Structure formats: C-alpha cells, structure tokens
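**Student:** Got a structure for you, written out below as structure tokens; questions coming shortly.
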Amino acid sequence: MSRFVQDLSKAMSQDGASQFQEVILQELELSVKKELEKILTTAASHEFEHTKKDLDGFRKLFHRFLQEKGPSVDWGKIQRPPEDSIQPYEKIKARGLPDNISSVLNKLVVVKLNGGLGTSMGCKGPKSLIGVRNENTFLDLTVQQIEHLNKTYNTDVPLVLMNSFNTDEDTKKILQKYNHCRVKIYTFNQSRYPRINKESLLPIAKDVSYSGENTEAWYPPGHGDIYASFYNSGLLDTFIEEGKEYIFVSNIDNLGATVDLYILNHLMNPPNGKRCEFVMEVTNKTRADVKGGTLTQYEGKLRLVEIAQVPKAHVDEFKSVSKFKIFNTNNLWISLGAVKRLQEQNAIDMEIIVNPKTLDGGLNVIQLETAVGAAIKSFENSLGINVPRSRFLPVKTTSDLLLVMSNLYSLNAGSLTMSEKREFPTVPLVKLGSSFTKVQDYLRRFESIPDMLELDHLTVSGDVTFGKNVSLKGTVIIIANHGDRIDIPPGAVLENKIVSGNLRILDH
C-alpha cells in the first residue's frame, strides 16, 4: 500500500477525519480520471474503442482499490467447506461416462491462459512457445490433445487462447502451422492497464503506446480479467449461439490440465439435476504448496482465499497442511450462460491483488490485478473437485522442465502420463541451482536427460554437467563449490550419493 493511502488510514482513526479522507480520495480519483482521459486522446481511431474499454475497466478497479482497507477477509469467518461442497474425484469418476460422449464434448470450449512470457526461464516471447517434450511446445501439446478428442469422438471442441499484449503478436504468427489440424483456434486479448506510481498513485504512462520509454508503463491485469475480456471480445456470445455451455479454463503451462470426460459428464448430467455454474479442481497440499490458494466456506459460500489476503498473524495457520489440506490448481469449469449473466449485472466480485514492482530505472509502481478463481463466490451452485495430483503438472522452472522431459512421463496424443515403470505415484523433488535457470544453459548442461524412474530427490548446485545415459536413483545431491566444476560421466549410476568437490572429464 502506498504512503499516500497509509497516511489516509492514520487519518481514519482521528475524529472527523473520515470526511476529510473522503474528499482526498475523490480528488485522487478525479486526478486519475483526468490522466486516463489524456492518455485516451493519444489513441488512434482504430484502437480508440478498445483502449476506452481497457481504461474504463482500470478506473473501476482503481475505485475499488481506494475503498478497500486492511485484509480482505475476516479470519474469524473462515470455515472449512462442508463435506458435500468438495467432492472426491473418485466419486465423480464412479458415475461413468454417457453413452454418447460426443454430445457432451460438443458443449465444451477449451480456454488456455496464454498471457505469460518465458522470462523467468530466460526465454524471450510467449512461454507457450518453449519446447517441453520431443521439441513440442506447450501450445503444440494443447493442440494435439484437442485434435485427438475431436478425431476420436467426431466432435468440434474449439481452443481459445487468452493472449496479452505481450504474447499476442508472436502467438498469432505461429498459429498458421495448425491450419491443417482438426481444431478451430480463436484468440482474444486480456486488457492492458496502466501501472501506477506507488507514491502518487497516478498512471506513469503518458500515451497509449507501449514502446520506447512507455514499454514498462502497461501490464496485463491478471487472469481474473478473463470474464470482461472474453465478454468484450464477442466470443462469449458467439459460443452461446453455437450451443456451447461450458468453458474449461487452465494455465497453458499446466501439462496436467487435459479435458476430463468424467468431470464434463458430471457438469452436463448432474446427479441431483441441478447444474453447477463453477467447478474448481483442487488437489491435496504437500509442503511445497503451502502458498497456494485454498477453498474455504465464507459467509455461506465457497470462497478462494489466497495467502496475500490473510492477516499476518494467521499466515502460519493458513500454510498448515493439517488445517487447509487442499489448494487451487486453477483448472476451472465455468458456465458460459452464468458468465454472461453476471458480467451484464456487473456482479463478478474478485479481490484485488496489489502487486508492487520496481522498474528498470528504479521507479516503484503498483499493478492492480485479479485472479480468475476468486470469482467462485459470485456463481451459483459452485463445487470443488479434489482431483489426483497428476492434473496439476505446472512447468514454472527448469527443475519442472527436467521432470516432464524425463522418462518419468510417457507422451500420448499430447498428454503426459506417469510412466507405468515408476513404482510409486509421487513425483521426485528436483532443485536445480542458478546455473540451470535459463533454458539455454539447462539444455547445454545435459547431454541427454538422465533416467529418473527411481529418483526421490535431486539437488544440483554450481557448475555441473551431465554426460549421456546417466541414471539417478534415491537421493542424489551434487554440489560444485565456487570455482569448481563437476562433470558427471556418461553412463554413471548415482544412487543415494552426495557428490562434491571437483570432477573434470576432458576429451583427449
């Protein structure tokens, strides 16, 4: 929170100050409105309407930001969800599949969140275009999955990509390679909002461009923006007119987020005859997931609570694996009709995430964002489904990439499944050091991906390279201290080993 708002909060505690505070907030809103109007005048005629919608959306979000004070949840009101509000996946699966699978599939639209760049893994351009398996990218695998469904069941499930202004151009260039595939692909852009100065709370952008000194002035406001952007794009109405009823939304970097026919059947043919408007897939927490958002019961409705909303005194309790056993995978099944109704009623309520950033020049700014899952409380008859961990396979780092490239997984029609040769269903814990952060460096350090079928835990730190056909089993820790280098020789088998010091293998 900025110093400006902190000062206002102090003023709240003084008698008669709330009226003064109200005036200050109104002045600030007026200043922001004027700045946004100035920015809008710089828009070319072909981008005027689109820019106006974006800036109007930002103004509403900014207004809400000024109204909110303190943590957005009252900890005393948080309860565990009732038993029937989170169903085990096994129960959903036990209902089986309908005789006519194509009839339910034809009601579905697959939406992938494709706004992110590959910068955290040292790549330029959209993250979805990074190669993850046999030179297939995230996007390739997604298209293969949906094409397989359409061919197998003779259906017409479309793929929709929610791009950001950061990923749109590069993604569209690549889409032509799928022209021959049996998948209709649509795109729409999430909004482009102005970053605001942390102290003055005014937009730092001077015009609508996002090049030159304005490059850092704009941001995509989180995936909660999907509801407004999807509606504004016209695609929502198009799909409703075509008879589609549900969207399956997931992050494009979650390789476990495939279309699940059992969940879809449960949505289309509910046992009690009452359709769910919103289903969130959750899975059991491990100690690695303590920061993930969790589903709770709050004021009589299911509500997603994120760590940022929790009062400081209760953060440890929130992280507890025993009290809050599940977390949100961000695999969501949402009724198209409900999105349209709520969007038109302006009734989708999502908590604001205040994301502070420091720009390259040292300026401190704030991004106001929302998360797609936070809207669960706005929908009727919402449900959580506790799914197997295999439906949550995100690739955020090269450590994750090593797992999905390895023989732990088999690839079939774009879907990754745990190898049958792995004796236990858990995934090894892999921690690669900073020398492996960038994909380019990571690939250079592995002549081939090691055999990891019997691996439990791998930690690698420092200047380490792996020869061909290395096998890793049990717990393996490899640490090259500063100035040292370790080359793991081709064909080496490391089982429950700690390797440190210096090990050079030189060609002769």
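Any Cβ shown, glycine's included, is placed from N, Cα and C.
Worth saying up front: this structure is predicted, and the values here are computed from it rather than measured.
Annotation source Swiss-Prot lists phosphoserine at S13, S434, S448, S461. As annotated by Swiss-Prot, UTP binding site applies to L113, N114, G115, G116, K127, Q190, G222, D253, K396. Residues or ranges marked as substrate binding site in Swiss-Prot (evidence: similarity to another entry): G115, G116, H223, N251, I252, D253. What Swiss-Prot lists as Mg(2+) binding site is K127, D253, and the listing cites similarity to another entry. Look at Swiss-Prot and you will find K396 tagged as active site, backed by similarity to another entry. Under the heading phosphothreonine, Swiss-Prot lists T426, citing similarity to another entry as support. The N6-acetyllysine annotation in Swiss-Prot covers K438 and rests on similarity to another entry. As annotated by Swiss-Prot, region 'Oligomerization' applies to 457-508.
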**Student:** Out of H223, N251, I252, D253, T426, which of these recorded positions is nearest K396 (UTP binding site) by C-alpha distance?
**Tutor:** D253
**Student:** May I ask you to report the DSSP-based helix, strand or coil state of S434 (phosphoserine)?
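**Tutor:** SS state of S434 (phosphoserine) = helix.
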**Student:** Tally the residues of the region 'Oligomerization' (457-508) by DSSP class, grouping H, G and I as helix, E and B as strand, and everything else as coil.
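**Tutor:** In the region 'Oligomerization' (457-508), the DSSP-based counts are 0 helix, 29 strand, 23 coil.
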**Student:** Whose Cβ, among the recorded positions N251, T426, S434, S448, S461, has more other Cβ atoms within 10 Å than any of the rest?
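**Tutor:** Ranked by Cβ atoms within 10 Å, first place goes to N251.
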**Student:** To the nearest Å, how far is the Cα of G116 (substrate binding site) from the Cα of K127 (UTP binding site)?
**Tutor:** 6
**Student:** I want the residues beyond G115, G116, H223, N251, I252, D253 whose C-beta is within 8 angstroms of the mean position of the substrate site's C-beta atoms, in chain order.
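**Tutor:** In sequence order, the nearby non-listed residues are K112, L113, N114, K127, S128.
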**Student:** If you measure I252 (substrate binding site) to G222 (UTP binding site) at Cα, how many Å is it?
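**Tutor:** G222 (UTP binding site) has its Cα 14 Å from the Cα of I252 (substrate binding site).
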**Student:** Which of the recorded positions H223, N251, S448 has its Cα nearest to the Cα of L113 (UTP binding site)?
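**Tutor:** If we rank H223, N251, S448 by Cα distance to L113 (UTP binding site), first place goes to N251.
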**Student:** Tell me the Cα distance separating D253 (substrate binding site) from K127 (UTP binding site), rounded to the nearest angstrom.
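**Tutor:** Just about 8 Å between their Cα atoms.
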**Student:** What does the structure give for the C-alpha distance between G222 (UTP binding site) and T426 (phosphothreonine)? Integer Å is fine.
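**Tutor:** With distance taken Cα to Cα, T426 (phosphothreonine) is 31 Å from G222 (UTP binding site).
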**Student:** For the UTP binding residues given in the record (L113, N114, G115, G116, K127, Q190, G222, D253, K396), what is the largest pairwise C-alpha separation in angstrom?
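**Tutor:** Overall maximum Cα spacing for these binding residues reaches 21 Å.
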**Student:** Mind looking up the mean pLDDT for the region 'Oligomerization' (457-508) in the predicted model?
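**Tutor:** A mean pLDDT of 91 is what the model gives the region 'Oligomerization' (457-508).
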